[in-house]
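Take a look at the structure below.
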Amino acid sequence: MFRTTSRKPPKASEPASPPAENTAAAFQGLYSYARPHSRKFALVLVCTLLAISGDLLQPFLVKIAIDDHLAKGAEFGALGLIALVYLILSLTSFLFSYLQDNLLQQAGQSVVAGIRKDLFRHILRQSVAYYDRTPSGSLITYVSSDTESLNQFFTGVLLSLVRDGMTLLFIIVLMFQLDVTMTLYCLLLLPLIAGIAIGFRAYLRRTYQLSRTQLSRLIAFTAENLSGMQLIQAFHQEKEQQTRFLERNDGYYRANLREIRTNVLFNRSFDVLGNLSVAFVTWLGGYAVLGHSIEFGVLYAFITYIRQFFQPINNITQQWNQLQSATVSVNRIWSVFSQQPVVRDPEHPVPLVPAEVQGRIDFERISFHYGEEGPDVIQDLDLHIRPGEMIGIVGTTGAGKSSLISLLCRFYDVQKGSIRIDGTDIRDIEPKTLHRLVGLVQQEPYLYSGSILDNVRLFDPSISAEAVQAACRRVGAHAMILRLKDGYETRVSERGSGLSAGERQLISFARILVFEPRILILDEATANLDSHTELMIQKALQEAAKGRTTLIIAHRLSTITGADRILVMRQGRIAEEGSHRELLELGGHYWQLHRYGRSPAAGAG
Ligand SMILES: Nc1ncnc2c1ncn2[C@@H]1O[C@H](COP(=O)(O)OP(=O)(O)OP(=O)(O)O)[C@@H](O)[C@H]1O
């Protein structure tokens, strides 16, 4: 199905707040993505161990140099050897830190690329109802910044937990080796550190959540504005939108400042605590040295270790915000993964061969409403369309015309009745087959960023350039395309800017000829086309409709006067039905529309 832009863009609702966090549960799901890279993670662990050992043995070496050699008179040979070992330890630490960082980046990036791929695929699988209620800005946040936040988890948080956790453990072991009493005194600081960390924890979490929600609001709002820019300018809404943007921008700014303030306070508290601890050890150790219960080298090593002791604690707590934001992100990503499409694929699809399908369509007493509950926008509608028939649909705004074709495309499922193609319920047709059977040209045909050639063949390289050109010739788009700067290779941007609405529609018709769906649905552009373009579109439509069952939502009656049958819809029902002539003779609603020359879709409901 060659769906273009949605006629009803998602409602401008704010993104939902992140769900309640449960760090362990959130990260359990990551395990399946990380498992294929377990060898790399194991190597990271080995490298980390070696890097830490290289680092932490250095003060121990200096202690040996002071106490065993310097204090007992200079032994140049031994000191030289110690200096050499010190150098080797430094290089070991450098080399394995480098390897560890690189390997971890590789593993982390692979995990995140895998998640991003699955997430995008999952979002693509969602039903249209999901896009109705989820602002596109939120989806952009999920795929870009939430996955990026996961990347930071692997390369920042995980590394810190492993590296700094092991460093702490090693330092404690080495300190016990040096002096048990001094170590026990130092460990008294642990409850204080834990107290501060826990005290900040809840507050930090709230600030991170708030700033992410504010960012999501800002992105959602910006994305909405970009997609509705023409409308904003047409209605001179720039000032109002600017005010609304400022409100969101301000919200994000304030949330960000609060986050930074909390962070700085947290880090500085740790710095002060670190300095106080050094003073404490110097005081305690100084007494011990003076009392000859420990040697000077031991005091030196203790002071170095206590400094190093705070670094990993500080690192881990600094990573806390990253962990918070990764938890929020991972929860949001999982909540997207947990969404199941409401329009389900059939369990036992009926095997239909598109080329053999005749194109009969039966709407069997269908009723439909949007969402869980609400008024029926299609009410007990019964309609039977013969293969190859051309049906024109007119009706007032909100009569249900677009809803009817959305149902045929299976963007939504009916709540009552069934829609059948050649007798098969469309719910039993595999989506791939249904999409090949039904071709849709929407009011505002969507063009992907890429060449015109790829836009016609929808990036399917098995369709030759010649086939594309032949289709474009048939719909009368060839000459227009050749006039463009690079002909078929001309690149168009998203939404096809650079081409007129009529030209975009011609390209959509060429798509139809290339993909040959049995059923063609056209939602006619409401834009006023000049008479030349209108004529071209009419011709293109006739060409595209040849041999196909065609449904046209018409905004200009002239488009459908030649249709086999015209349906006039009112409040979700078919109010009148017949050929142009029959309906005029009936003298009803259609006659009125014709007589007063009004665009049927523009009339009041
Ligand atoms: N995604 C949606 N979610 C909720 N309600 C919707 C949605 N799309 C349409 N509706 C409602 O369903 C009813 C029928 O709308 P529909 O778009 O089918 O009418 P239409 O005849 O195509 O109108 P128009 O000619 O203005 O496009 C309207 O009341 C509309 O507000």
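Placement of Cβ uses the backbone N, Cα and C atoms for every residue, glycine included.
Automated prediction, rather than curation, is the source of TrEMBL annotations.
Listed in TrEMBL:
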- 1-10: compositional bias 'Basic residues' (COMPBIAS)
- 42-325: domain 'ABC transmembrane type-1' (DOMAIN)
- 361-596: domain 'ABC transporter' (DOMAIN)
- 1-20: region 'Disordered' (REGION)
- 41-66: transmembrane segment (TRANSMEM)
- 78-99: transmembrane segment (TRANSMEM)
- 153-176: transmembrane segment (TRANSMEM)
- 182-204: transmembrane segment (TRANSMEM)
Exercise. Short question: which residues 6 or more past the ends of the transmembrane segment (78-99) have a Cβ under 8 Å from it?
Worked result: 43, 47-48, 50-55, 57-58, 61-62, 64-65, 68-70
Seminar exercise, completed: If one takes Cβ-Cβ under 8 Å and requires six or more residues beyond its ends, the residues near the transmembrane segment (41-66) are 34, 79, 82, 85-86, 89-94, 96-97, 99-100, 103-104, 107, 159, 162-163, 166-167, 170-171, 174, 178, 295-298, 300-301, 304-305, 308
For this session: Determine the mean pLDDT over the domain 'ABC transporter' (361-596), rounding to the nearest whole number.
Result: 86
